[in-house]
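As structure tokens, the structure follows; a few thoughts come after it.
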Amino acid sequence: MDWLGAFFGFQRDNVRNQREHLVLLLANAQMRLSSADFSDTLEPRIARQIRRKLLRNYTSWCGFLGRRPSVYVPDADPRADLLFAGLYLLVWGEAANLRFVPECLCYIYHHMALELHRILEGYMDTTTGRPANPAVHGENAFLTRVVTPIYGVIRAEVESSRNGTAPHAAWRNYDDINEYFWRRDVFDRLGWPMEQSRQFFRTPPDRSRVRKTGFVEARSFWNIYRSFDRLWVMLLLYLQAAAIMAWEGAMWPWEDLRSSRGTKAKDTQVRLLTIFITWAVLRFLQSLLDIGTQFRRAFRDGRTLLVRMVLKAFVAAGWILAFAVLYKEIWNQRRNGNWMSAANSKITRFLYAAAVFILPEVLAIVLFIVPWVRNALETTNWKICYALTWWFQSRSFVGRGLREGTFDNFKYSVFWVLLLAVKFAFSYWLQIRPLVKPTKEIYKLSGITYTWHEFFGQSNRFAVFVLWLPVVLIYLMDIQIWYAIFSSLTGAFVGLFAHLGEIRDMKQLRLRFQFFASAMSFNIMPEEQQVNERSFLPSRLRNFWQRLQLRYGFSRSFRKIESNQVEARRFALVWNEIINKFREEDIVSDREVELLELPPELWNVRVIRWPCFLLCNELSLALGQAKEVPGSDHRLWRKVCKNDYRHCAVIEVYDSAKYMLLEIIKERTEEHGIVSQLFREFDESMQMEKFTVEYKMSELENVHTKLVALLRLILEPKKDMTKIVNALQTLYDVVIRDFQAEKRSMEQLRNEGLAQSRPTSLLFVDAVALPEEETTTFYKQVRRMYTILTSRDSMINVPKNLEARRRIAFFSNSLFMNIPRATQVEKMMSFSVLTPYYNEEVLYSKDQLYKENEDGISILYYLQQIYPDEWEYFIERMKREGLSDIKELYSEKERLRDLRHWVSYRGQTLTRTVRGMMYYYEALKMLTFLDSASEHDLRTGSRELATLGSSRIGSSRRDGVAGGSGHYSRASSSHTLSRASSSVSTLFKGSEYGTVLMKYTYVVACQIYGQQKANNVPHAFEILELMKKYEALRVAYVDERQSSGGETEYFSVLVKYDQQLQREVEIYRVKLPGPLKLGEGKPENQNHALIFTRGDAVQTIDMNQDNYFEEALKMRNLLEEFNRYYGIRKPKILGVREHVFTGSVSSLAWFMSAQETSFVTLGQRVLADPLKVRMHYGHPDVFDRLWFVGRGGISKASRVINISEDIFAGFNCTLRGGNVTHHEYIQVGKGRDVGLNQVSMFEAKVASGNGEQTLSRDVYRLGHRLDFFRMLSFFYTTIGFYFNTMMVVLTVYAFVWGRFYLALSGLEDYISRNTSSTNNAALGAVLNQQFVIQLGLFTALPMIVENSLEHGFLTAVWDFMKMQLQFASVFYTFSMGTKTHYYGRTILHGGAKYRATGRGFVVEHKKFAENYRLYARSHFIKAIELGVILTLYASYGSASGNTLVYILLTISSWFLVLSWILAPFIFNPSGLDWLKNFNDFEDFLNWIWFQGGISVKSEQSWEKWWEEETDHLRMTGLWGSILEIILDLRFFFFQYAIVYRLHIAGQSRSILVYLLSWACILLAFVALMTVAYFRDKYSAKKHIRYRLIQAIVVSGTVAAIVLLLQFTNFQFVDTFTGLLAFLPTGWGIVSIALVFRPFLRRSEMVWKTVVTVARLYDILFGVIVMAPVAVLSWLPGLQEMQTRILFNDAFSRGLHISQIITGKKGSLRYVSQLVFPVCC
């Protein structure tokens, strides 16, 4: 590597970094060799495998361009393999932002590899006669001469984008730069070394520069049709065919085609042929869209593309013309209502033409049936194949060979065939067919009298259009509903076969725990096998049979464990370590640790000592059986042994009692001999099966009582030896005198050694010696025996903490699922974890813990109430570690840090994430030890840990009994042990650390860590503390330094904390060509740190995630998935299940948690199998690291278009032939937003991201390159979900506006009086479907199904009912508005941006001004518009006369209106508090009237917010402006519709009525401009003149109203009706004025008037929104109900939230006084 660095001019630290990288790759690959192949020297095949994997994309690129790869490696020459692999890693490691353009790196590598080959072959430079040297060489030459020029081009393009606000077509992003290197002539255009005078390096504003390459992102809704044209062709053609078939009214559609119907059948048949004309029109439309969006690219990418697009348009137009002519000829054969004999020949000619027309589709179907043929044709680089496919698609490096195997094809085809069959049947019978009759009736109506001036005469076509529009909209989107249903059922089916939810709680775990040990050994412990060896059938059958045994208990697995004590000890070590981690996390108590842990082999117990929670109550039941079951020993013992836990409990108590009694009685005493002899008799009697004969089973209860009394005395804090001796004597008397069936004399007892030979003193006096207090093992075992003896319940509520129960249940269930067998740690795949971090919370500070919000609530107090049990366990743990007074938590430095950690571990902080990810390190160390540990190591180690663990737990007890009345003692400092002392790490031999460091690396990409250090930001200190605590943690950041020339230099730096030097040390420093952030921040941050990761895989973990120790144990199993085939491909991304841990904070957080859980479980499960379209939807997926190194990295970073950077990694993976799977036997934690504003900002970000995805080349290529059914899956699970959500809202608009039109025009009244079928089944079906979506029921269905699968059907139904009672439907309806607004606005105008949602705890009240800023444009104004329409419809519609009809028609629309207005108050703490709302409205008015200034923020000034909120109209293009104006014109319709209803109109239908109404608008604007003019001129110095002008305006208005009342038909009610007419018009004028803002700003007076009017409208909107809230706030009891609705889940856990929200809590000291005694 040093040689390569010197020759090619790489940076020294880049060489060091990649040397380590390559060495670790080789070492890990060598370690994975089987023992037979392992040697100290490097295996040649290892180097070759790594080189081939790294260069596979480069090799494919060379083939695509028709070039021979520059890699020439002789056979069996590992040095050449290493050189070429090392060269690629060096290029990649120093490429900086160029890593996002992988084919650009291929181009660079191609030339450098050729130069390397020439050097290795000893080529001579012909010009100098010396050995050949690289064209680019010298110190840092690669960065300076290769990377920096290309980086400069990218940077110039980004700067020309105006921070991403410029149209995508105006500048080149990363993809455009990369796709330039897909051109065959790129070698001629650039050459080597690349000259900066070439066209490629010209930058804006040079008009001769290279423009968009490969694709032009056009901002238009037409992209949805253009990308998924096959879907829309199917829907539109079926709609047309179904309408034609249903027109004649036959019951079944095929009846219309029967020849027996004569002429009608022939008419229908011929009309059906029009679908081919429609199809040709749609093809023509597609060709026009291609030309319109890609025309400019066609001139630059080659004339062949332009020729193809133009030819396609001409051919499509030719087909339209041909079909039209042929169709006309057919109808010419119909004369006088009858068909002539020549008609059949004309139809045949038409069908021949149609057959030729559909020939490409037939060919596509054939290739779909034989997918391997299609893959071969697409992936081959033969020119003949390019020629054959030239007509159908552009030549692209990606998107080739995407077809799946035949079996996968069959699975998802069956799914979609069934779904489409149901959808089309439903659409025909319940949507299309019921509309035919009312359509005919309405169309035939004549003599209609309109209530306004009708421009279109007496035509009824628009009424028919209004009737059909909502039906068609729902028809186009309802596949989304059917997909939700079918995917839920399919997901449940797949989940059942995956064995999800078989262990749901501790009760079910108890039933299967006996197999749990074997399952853990089978899955977690390594299998002795050759690595990478393909599983043969016998091996697979053996594994299958073993899994059946474990899962269904076909074998007595625990007996096998008893015979193999090595496995039992391994299981105990793993299980106990899991429980210890639970204790460190404070989710179980010390008491529960003893109940849950597996005790070691002590006291000569002959059976497995199961955890106490399994054995509780079993001994009591055994005593009952002994008393009630008559008969022999054999019969009784067989009865006891039917329950395995009972059998073990009986033997353990017997053996423990025997050992304990002999332990506390001094050896070599007569009493010791008596007890020994007594137990010998017991043993002999049981061995001879005469125990029930020789002893009275009825007296066992008495023996049990006396033994319990003895144990209680032994466990007392203060031992009273007299009482202990008395208890022993009593127990002895009961056994000797009462228990024995045959009474024996004292002489017999003495002879048999059961009594004192010389009774000089009382028995047991001076013969008992209890162990010292330090012998905690003894007392721990006594407590265990006491628990088993005294428990009377099954302890199904152990542990008490719900999170602990959930984790245990999931972990235990996962071990019975189909998990790949683990390999030894040494042979596992190495991996890294990468976490991007910017400036989020690392560790909560003291001030943050105690800082109170306006309601007087601090974070600490809030968490104490939310997690009362965890707070109690934390105090208990602190006491064990020496805490004597709770005040120390707030005063002592170390205790305060413990408290800060406890709080931070319950938030979404970096500390929590790092702790979780470092569990991998701890788990791998333990597994490494277990892999190599001998039986002796395990036996001695388990005993040592038992001693240490007893010291840890026992030192805090008052030697009390488990489950007793609190026999605990205060911790002694001398007995306090560190938490680490109880860990299995105390057994390590030392080699584990080195092995794990080779296998695991954790890098946190703290982008601005360098700046934080320089500015002494507390975050930097906390990050340093994390590095101190976790030795495997590495931090990567971007450092900025000033060079000697005064320029800023940028470096990627990796640091760690050196435990020996006790300081932070720099590992690597790689110089960058310039600033890191050219694109989106998060992917850029990931990209710069990716070079510091290691291993075969990398897991991406976000800053709001967590991990669990027990799940980390399964990571090596998960990595084995990379070696499995899923279909015809191995996976490149492994999807991992997530658990949302923020669901218990509030009902809103619960809704989000439930929605997210169903998406990341059932949703992802179905996407992966059977649909095969799972992408990368975010963290914590695991990437095949080396595969992605050569293909652009783990995300995309182009500004704005890749704002949802995660999913583009999935797109990129699929397009490049990768496979994405999903695995649910492992999980990580994930935090979600918990407040409505946080949730809304998150959904706005995601919806905007989906809007940008709609425009992207990735979506276009996937829409065209995937087969038809996978394309459907892809659409309906990505952008289609958001598009169809928008369609639902548009359906509401279409229905409401349609009814408004019918009512105000007078058509509705006329139709209802002259027809009989306007309220038909189709409209009912539409309203029902829309309402189902609106209520979130189709979102809830996957949640119900998944909950049923994992928690039981009744639990799922109950949870769903609780969600509805807590207004979940209001939330989902509100969420639908958020998605619609931001998705639609992004496509139309742009404006997508990253929205920081915040990850804190949300319990504070949000002011109305803040809610208005966030929701005014997305919800409030739209809801007011719909509300006004519904109100007018109630006034003027014919349905308003029948209240029930009106309610049924409009209930869903009114629900949407109310949800959009009230949700921000319902889900806002104290949202219905009268005083708060009153103060909020005052604050809102202050915000509205604040004038603002230069540095004023939108939070302070309405004017600033208004400018920012409408900023997207300034950035939008021409078509966006035109469409915005068209949409705003709808507000003028209010005026047109209502003015004819005014009394002053006198029922006139003249157009002059409408034109004269505009005079009122003009007068209002003139008056407003006059007042504004004189206000600016006189309000400051001549205030009286300004008041005079105001008085004149007001007086004139009043006078005008009086005159109208006196001399016209004007009535006072017309004033209010007129407001409903004119106010929408004014808002429409303001909205349109915003589009023309650049022109209107030239006139200061006009623009100020617009601003003033907009301000008044926002005040009006605020009043309308607050009015219903004020009414609800005034009503008694609603505030308490709202609080309970919002925090119901917290109530169920003991949180008095009303006290919290109203701020009626006491001081923290008072809380502490309440909490501390309980915990102590």
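Cβ from N, Cα, C; glycine included.
Those TrEMBL annotations? Automatic predictions, nothing curated.
Annotation comment: TrEMBL describes 79-195 as domain '1,3-beta-glucan synthase component FKS1-like'. What TrEMBL lists as region 'Disordered' is 955-974. Marked as transmembrane segment by TrEMBL: 231-250, 270-289, 309-330, 350-373, 412-430, 459-476, 1274-1302, 1445-1467, 1551-1574, 1586-1607, 1619-1636, 1656-1675.
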Among 350-373, 1551-1574, 1586-1607, 1656-1675, stretch most in contact with the transmembrane segment (309-330) (C-beta, under 8 angstroms): 350-373
Is the number of Cβ-Cβ pairs under 8 Å between the transmembrane segment (1619-1636) and the transmembrane segment (1445-1467) three or more, considering only pairs separated by 6 or more positions? no
Among 412-430, 1551-1574, 1656-1675, the stretch with the most Cβ pairs under 8 Å to the transmembrane segment (1445-1467) is 1656-1675
Mind looking up the mean pLDDT for the domain '1,3-beta-glucan synthase component FKS1-like' (79-195) in the predicted model? 91
Thinking of Cβ pairs under 8 Å, which stretch from 350-373, 412-430, 459-476, 1656-1675 has the most of them with the transmembrane segment (231-250)? 412-430
Using Cβ atoms and a strict cutoff of less than 8 Å, what residues sit near the transmembrane segment (1586-1607) while being 6 or more residues removed from its termini? 1544, 1567, 1570-1571, 1574-1575, 1577-1579, 1615
Lying 6 or more residues past either end of the transmembrane segment (350-373) yet within Cβ distance under 8 Å of it, the residues of that chain are 273, 276, 279-280, 319, 322-323, 326-327, 330, 392, 403-406, 409, 1267-1268
Counts of helix, strand and coil residues, the domain '1,3-beta-glucan synthase component FKS1-like' (79-195), according to DSSP: 77 helix, 2 strand, 38 coil
